[in-house]
Amino acid sequence: MDMASLISSLLVLFLIFQNSCYCFRSPLSVFKRYEESTRSLSNDCLGTTRPVMSPGSSDYTLDIRMPGVTPTESDTYLCKSYRLPVDDEAYVVDYRPHANMDTAHHMLLFGCNVPSSTDDYWDCSAGTCNDKSSIMYAWAKNAPPTKLPEGVGFQVGGKSGSRYFVLQVHYGDVKAFQDKHKDCTGVTVRITPEKQPLIAGIYLSMSLNTVVPPGQEVVNSDIACLYNRPTIHPFAYRVHTHQLGQVVSGFRVRHGKWTLIGRQSPQLPQAFYPVEHPLEISPGDIIATRCLFTGKGRMSATYIGGTAKDEMCNLYIMYYMDAAHATSYMTCVQTGNPKLFENIPEIANVPIPVSPDMMMMMMMGHGHHHTEAEAETNTALQQPKREEEEVLNQDVHLEEDTDWPGVNLKVGQVSGLALDPKNNLVIFHRGDHVWDENSFDRNFVYQQRGIGPIQESTILVVDPNTSKVLKSTGQNLFFLPHGLTIDRDGNYWVTDVALHQVFKVGAEKETPLLVLGRAFQPGSDRKHFCQPTDVAVDPITGNFFVADGYCNSRIMQFSPNGMFIMQWGEETSSNLPRPGQFRIPHSLTMISDQGQLCVADRENGRIQCFHAKTGEFVKQIKHQEFGREVFAVSYAPGGVLYAVNGKPYYGDSTPVQGFMLNFSNGDILDTFIPARKNFEMPHDIAAGDDGTVYVGDAHANAVWKFSPSKAEHRSVKKAGIEVEEITETEIFETHMRSRPKTNESVGQQTQEKPSVVQESSAGVSFVLIITLLIIPVVVLIAIAIFIRWRKVRMYGGDIGHKSESSSGGILGKLRGKGSGGLNLGTFFATHKGYSRKGFDRLSTEGSDQEKDDDDDGSDSEEEYSAPPIPPVSSS
């Protein structure tokens, strides 16, 4: 009997170990199976996520589609990311949409480097990208394919291009999914590794604050921005509104002359149409857009928003420009000056007729079957979200570009910074001269004339990427440089506090084109300045403004040839400064599309804004975070104001830092400090259209470059402990109703792979465990019956008690009651890969950095490797 028990136990152990082999397969094999399952789209979708090579060409195509989704609510925005299959520089040269307006309201294709989520797809309300994103393609209303001109492409990959595509689809009416079908809307892009001489980009002009009153027959939404980047050549345009839009028109305004870029009804297929006539847009031109709406039939006001009941006013201009200084994406969101639009061509006010049949088809395709009462109630109760077409609600944080070598430039006290029309950084510094307590007497007369002017070049033109000095000027001309501004023609406008003068210096000239003020003579009349600090130039009129200054608390306006026009401002008379009072107006910036001039009122710790033409006070921006001083201010298109404050006074705790502000309401959007060195006296700030910001420090003798980065990876320190902010992750969890499978293509293979393995094992082992637990019981019962039958034959009825004991021993051991027996419940509950919840709890410590010892990482890259692209022929 002991021998029989031993054999039975060995048989059970064999079966159990066989069970573990079936249940807990190799993580490598499971992960391979997971990879294979993600290599193709849903069975309901045609196509593949892998690149498809073009026969006889180095080009390849990539299907970018939704992975078979079924929205459950109307006005759902879903996003999905796709990794560029190669890291090398490449170019998108063609788009082919796969979409139908009966299902999708519109779709957009973004380019970026850090998608907002690693999921297979996600709710776009959690964001599209965590870094700067650019629109590469847009589709709506059954628009036909877009064909790029020969030699033109959207740059992707490499050092400066996007590594990810993010597809966003707006699903309008959920009634289209009553049959529960799975949607695979998307676009096929054709990519070539061959370098394109011309780089494509998109200029987006859009309104953020248009209101369409109910019943009003004609409502105009006007947008205009001064263009100050290298020349672009528009070749296609696309318009976008919702139901109330009648026509959208875009123009180039040059020296008062309006030239049509494109005009179309937004109720027709929203494709990219060819521009009316070939033209170029150069620095100094104005890009103006008008959307014509009607409020007829509405019972309540209609606002800008992302739902079908809201409205939008968007004009996309697809352009190309020389690859040497290409910019892939630009925006304009400023409300147009009414005086400018008094001269808009009448054609912009004429709706484009759309046949009733076409209109009905569009309405049915959008699923706009809402009653007026529903529209009125929803408009009143819902705070409309802005559609992702706007690309403005990105959580952007500025961080120092630590790879930029410009911080180590050998310069003196940096007093002024600006960007020229070619987007080069221009630095105005004091060389070996220093402003200290011995520089002036009590009457503000400069005391160190005997040492002569600064002999080295005080104006340096620096490459914004490499910090290489491209050009230098300003030798033997200045004593104590201060402010710097560059106009649309590339002229330098500078001030010298020792000379008490303002200079206009040509970019290619050694001698000034214009000089205002009397050298070394401070004064307060119209022909004198007293330590003037800065200049701002109105790009439309050419008039310029002088902040004067350390000892005159005023702003002066002059004509382009230097004739005095007007002045305003007075010295602060109390601890509660009134509007228009200054205590060192230290820095100026033009808000040209608003017709405003903003002043950094340094010692009053605030920013004041005025109507440029009249000097009338508009508003002030003041925050406790500013502390007691605001040194400089700079405006960038898109409604963002940048500023830097001063070092805290003794006993104050306000840090010296940079600020990113919402110009419309003055709110602080972000603060930033350098990673290398420290701010000592940040004296000037310059902001580019692409979100890049430069700060010059007069005490640290340094210039820093700050670039936008993903805000959710920003860390804050509390009591010396660094804490990672995960707000954005929490938002993902809140918005997602059902978590789709994880998409490994966003670089999270190491972190997510164990989870995939365990889930797969758990799914396989459940059925096997139940089955294999039954089999040994049946086998053991059969063995027990066989043994009993043998003993009955050998010993007859006397063995009844022994057989009961033996049988109880075997079954008792199986039940875990016998001492030294095998407890199956304990065995499975403690075996690797199994727990009461189906799998072991994963370690959360260090999972982002470390791999399993058993995995060398080689296999985890299979999913992302693309077939090698044939080299470009040298012929």
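The backbone N, Cα and C atoms fix where each Cβ goes, glycine too.
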Per Swiss-Prot, the disulfide partner of C79, chosen from C45, C112, C124: C124
R430, R602 bind protein in Swiss-Prot, but which of Y492, Y550, Y650, Y694 does that record place at the same site? Y550
Considering the Cu(2+) B binding residues H240, H242 given in Swiss-Prot, which of M312, M318 is annotated for that site as well? M312
Looking at Swiss-Prot, which one out of H170, H181 binds Cu(2+) A in the same site as H105, H106? H170
C129 has a disulfide partner in Swiss-Prot; which of C112, C184 is it? C112
With reference to Swiss-Prot, specify which of the listed residues C291, C332 is paired with C313 by a disulfide. C291
Distance between R430 (protein binding site) and M312 (Cu(2+) B binding site) at the Cα atoms, whole Å? 49
According to DSSP, collapsed to three classes, what secondary structure does R602 (protein binding site) have? helix
Cα distance, R602 (protein binding site) to H242 (Cu(2+) B binding site), nearest Å? 46
Please state whether DSSP places H242 (Cu(2+) B binding site) in a helix, a strand or coil. coil
In whole Å, how far is H105 (Cu(2+) A binding site) from H240 (Cu(2+) B binding site) when you measure between their Cα atoms? 11
What kind of secondary structure is R430 (protein binding site) part of, going by DSSP in three states? coil
Between H170 (Cu(2+) A binding site) and R602 (protein binding site), what C-alpha distance do you get in Å? 47
Taking just the CA atoms, what is the gap between R602 (protein binding site) and M312 (Cu(2+) B binding site) in Å? 39
Consider the binding-site residues H105, H106, M312 and say which one has the Cα lying nearest the Cα of Y550 (protein binding site). M312
Between the C-alpha atoms of H106 (Cu(2+) A binding site) and M312 (Cu(2+) B binding site), the distance in angstrom, to the nearest integer, is 13
